[in-house]
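K.L.:
Just dropping this structure here.
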């Protein structure tokens, strides 16, 4: 091929090569875009921060204000609130009319039914298969294999109830928590 003076020796990109690069770039971009959420799913979130805490909410979705809650509930009362991950969680009023430092996840450890508090028998009784738990959520009759999960209940400075994951030893069994 003859060279014209003043022209550099840079080869032209042919039409076919350009279309191949364009197609490859489009397919690669689409594949990476589709794989991003899959990869993100398998990478655990960074630890630290609030530890997955949630402000307790009442049946209407309003934040629970402890002073208002205690005005409406008697000592020994156990009532449901929305807790961590939206799970139904029992708020417990102690005998000295304070919020207990723990709450109970109301999901039965047998098949996942919500376990109601039975005031007359002073225990939780699962309506699905009859599992029973004492007032602290410890299993006393199966078929449930484990006690109800605990959450830490804390009252904030602005009078709200916050649930955070329970990471200490389970005071009912003296063992590491099974739910962590």
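Using N, Cα and C of the backbone, Cβ positions are placed for all residues, glycine too.
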K.L.:
I'm validating the feature mapping. Which of 21-43, 44-66 is tagged transmembrane segment in Swiss-Prot?
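P.N.:
Swiss-Prot lists transmembrane segment for residues 21-43.
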K.L.:
Around the Cβ of residue 108 ([2Fe-2S] cluster binding site), how many other Cβ atoms lie within 10 Å? Please give the count over every shown protein chain.
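P.N.:
A count of 23.
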K.L.:
Determine the mean pLDDT over the domain 'Rieske' (66-162), rounding to the nearest whole number.
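P.N.:
Summing pLDDT over the domain 'Rieske' (66-162) and dividing by its length gives 88.
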K.L.:
Could you list the residues of the same chain, at least six apart in sequence, whose Cβ is under 8 A from the Cβ of residue 129 ([2Fe-2S] cluster binding site)?
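P.N.:
Set apart from residue 129 ([2Fe-2S] cluster binding site) by at least 6 residues yet with Cβ under 8 Å, we have 110, 111, 113, 143, 144.
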